[in-house]
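Note sheet for the following structure.
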Amino acid sequence: MDMEIGPTLPRNGDASSGNKYRGGWWRDIMVAYRTLGVVFGGLVTSPLYVYPSMNLNSPTEEDYLGIFSIMFWTLTLIGVVKYVCIALNADDQGEGGTFALYSLLCDGILTPAISVLSAMDGLQVPFPSVAAVEALSAVILLALFLLQKKGTSRVSFLFSPIMASWTLTTPMIGIYSFLRYYPSIFKTVSPHYIVGFFLRNGKRGWQLLGGTVLCITGAEAMFADLGHFNKRSIQMAFLFTIYPSLVLTYAGQTAYLIKNPNDHSDGFYKFVPNPVYWPMFVIATLAAIVASQSLISATFSVIKQSVVLDYFPRVKVVHTSQHKEGEVYSPEINYILMCLCVGVVLGFGDGEDIGNAFGVVVILVMFITTILLTLVMIIIWRTPIILAGLYFVSFSILEGAYVSAVMTKFIKGGWLPFAVSIILAFIMFGWYYGRQRKVEYEMSNKITLECLAELLSRSEIQRVPGLCFFYSNIQDGLTPILGHYIQNVRSLHKVTIFTTLQYLLVAKVAPNERIIVKRLGIRGVYSCIVQYGYADSFTLEGDDFVTQITSSLRAYIERNLDEQLHISDEEEILDLEEAKSAGVVHVRGKTRFHIGKEAGWSDKILLRFYEFLHSNCRSALPTLGVPLQQRMEIGMLYKA
C-alpha cells in the first residue's frame, strides 16, 4: 500500500466552471477580451513564422495567391466551421475534457521555441550582421522558465492588453500593405486559385501544405480552455477579433511578398513599414512571450490533473495563487520543458525545422479530433448518419492532405513530436499500469472488518498503548498491509485511526467538512478522511495535525453514542486521551512488486519500469511536519 491522494468531484453547491461566467453580453465581451491573453496566444502569433517556415523556391505571383487562398480556407473551414461551430459544443459539462490533453506537452516545447525565435529574427532585418539570434532567444527562454516559480499573478493583467495590441496592430499593417501592394488580394477567396496552385506545382505544392498548416496552429486551444471561459466568449473573440486579424495580416503579408517574392524567409518583419518597425518588434516579442507563457502554464495544469488522476508519476505541484486553480508550477516539469525548449532552439536553429515539428503536432491533433467528434455526433448527439458522414469525409480529406504533407517532413524536424509522444506515452502507460496492478492486488486482498476483529481476538495479538495514524487509500475495506503488519509485529495500538488524505476538485474545503471520522465497530479503531482543495495549505506541523483529528474525533464521540460496543462516551474519550499521552506514531505502507521468473515478459518490462518511476517520484503524503521519531514505514512485496 502506497498512500495515494485521489480526486473527488465537487459537492453540491460548488459552481461548475461552465456556470462561471454567466451574466449577459457585456460580461461575455469582457471575458472574450480576457481570452486574448490565454486562449489565442499561439494562434494569433502564427504570422511570425508561417511564411518563414515554408521552403519556397522562386515563388511567382500565382503561387502566393494560391498559398493565401489555402490559408484563408483553412482558417475558415477548420477555425470557424469545425472548432467554433461544432467542436465547442462537444464539451464535458463546461470543460474541454479529454480532447484538451493531446498536444499540450509538445506545444509547451515548440510554441515558446518557434515564437520567441521568430520574434527575435526581427533583429536581423535592420542588422544583418547579428548572428546570435538563437543565443538571444535561448537567453529569453531561460529567463522565462526560471521566473515560473514566481507565478504570473502579478503580471497576468498585462497579458490581454499585450495580445490585444498585437491582434489590432498587425491587421492594420496588413490593410496598409495590401492597399499599397495588391488591392485585389481578396479575389483569392475563389477556390480556383487553390486548384491552379496544385496543378502548377504538383508534388511541390502538396509538400508546401506542411508550412501553410501552421496558420491554424493553436486553434485546439479554443477547446482546451473551455473550462476557464464560456463557449460564447470564445466564439465572440475568434469571430470578431482573431479570425479577421489573421485574414487581414496574411493578406498584407502576401500582398507584400507578391511584389517582393524573395523576402519570404523574413515574411513578417519585411512587410512592416519602417516608421513602426521597432514598436512592432517590441509588441511581437512581448506577444511571443505571452503566448509561450500561456502554453507553459497550461502544461503545468495538465500535468497536475494527470497526477491527481494517477495517470502520471507524482511531481511537486505548487499553487502560485490562492484564488486561481490554473496558476500552478511544477519544478521538475519546468526544468524538463526548459531543457527541451532551449535544446530545440539551439539544436534546430532554423525556424523551418521547428515549423516542421510544429506542423506534425498541429494537424495530427486536429485529425484525431475529427475522428472523435464524428463519434460524438453519432453516439451522443444522435446526428443523422448522412450529416455525420458528410462532416467526417469533408474534414478527413482536408486534414488527411495536410497529414500526408507533414509526414514528408519527418526527417527534417517532424520526428521530434513523435519522439516526445512515445516517451511520454510509455511513462504514462507504465505508471498507470503499475498503479492499476497495485489497486487490483489491494482490492482482492483487502482486510475486512470481520477479518480484523478475528485477528485482534487472537491471544498472541496485543493492544499496545499509544495512538497510531495508519495511512491508507482504501475506503471500502482496509489495506492488505495491515494484515502483514499485525501478523509480523503481533500488535496494534489501543487507538488506531485509518487515515485517508483526499484531494477535492474545489479551491478550499469548508472547515466543518475537512475531517470526517467514524467508528469501525471495534473498540479503539476508527476511520478518518481528511479532505482538502487545490488552494488549501497542507503544511501543518505534526502536533497540529494530530490535535485537529483528535479534536474532531472527540466531538464525534460526544455526538454519537456507541450502541454497538456498549461503552460510554466518557470511557471512549478517556481511551483516546490516554493513547495520545502514551505516544503518537504515523504508519505508512511502502510496497513493491515482487517480479518472479513466472511473470510474463510484459510484466517484467512494465512493472520494473514502474518501480523505477516509483522510486524516483515524490511521496504521495503531503508534508505534515511529522517528527522523524514518530514515522514508521512498513514494507511489503506484492506478487506480480
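From the backbone N, Cα and C atoms, a Cβ is placed for every residue, glycine too.
Per TrEMBL, the features are:
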{"type": "TRANSMEM", "residues": "31-52", "note": "transmembrane segment"}
{"type": "TRANSMEM", "residues": "64-87", "note": "transmembrane segment"}
{"type": "TRANSMEM", "residues": "99-120", "note": "transmembrane segment"}
{"type": "DOMAIN", "residues": "104-452", "note": "domain 'K+ potassium transporter integral membrane'"}
{"type": "TRANSMEM", "residues": "126-146", "note": "transmembrane segment"}
{"type": "TRANSMEM", "residues": "158-179", "note": "transmembrane segment"}
{"type": "TRANSMEM", "residues": "236-256", "note": "transmembrane segment"}
{"type": "TRANSMEM", "residues": "276-296", "note": "transmembrane segment"}
{"type": "TRANSMEM", "residues": "333-351", "note": "transmembrane segment"}
{"type": "TRANSMEM", "residues": "357-381", "note": "transmembrane segment"}
{"type": "TRANSMEM", "residues": "388-408", "note": "transmembrane segment"}
{"type": "TRANSMEM", "residues": "414-434", "note": "transmembrane segment"}
{"type": "DOMAIN", "residues": "465-638", "note": "domain 'K+ potassium transporter C-terminal'"}
Selected stretch (most C-beta pairs under 8 A with the transmembrane segment (64-87)) from 31-52, 276-296, 388-408, 414-434: 388-408
Same-chain residues near the transmembrane segment (126-146), Cβ under 8 Å, at least 6 residues beyond its ends: 112-113, 116-117, 120, 277, 285, 289, 292-293, 296, 334-335, 337-338, 341-342, 345-346, 349
Surrounding residues of the transmembrane segment (333-351) on its own chain - C-beta under 8 Å, 6+ positions past either end: 49, 52-53, 108-110, 112-114, 116-118, 121, 134-135, 137-138, 141-142, 145-146, 148-149, 296, 299-300, 303, 315, 357, 413, 416, 420
Stretch-level contact, the transmembrane segment (414-434) and the transmembrane segment (236-256), CB cutoff 8 A, at least 3 pairs: no
Chain residues in Cβ proximity to the transmembrane segment (388-408) (below 8 Å; excluding those fewer than six residues from its ends, i.e. six or more beyond): 74, 77-78, 82, 86, 206-210, 213, 356, 359-360, 363-364, 366-367, 370-371, 373-374, 377-378, 414
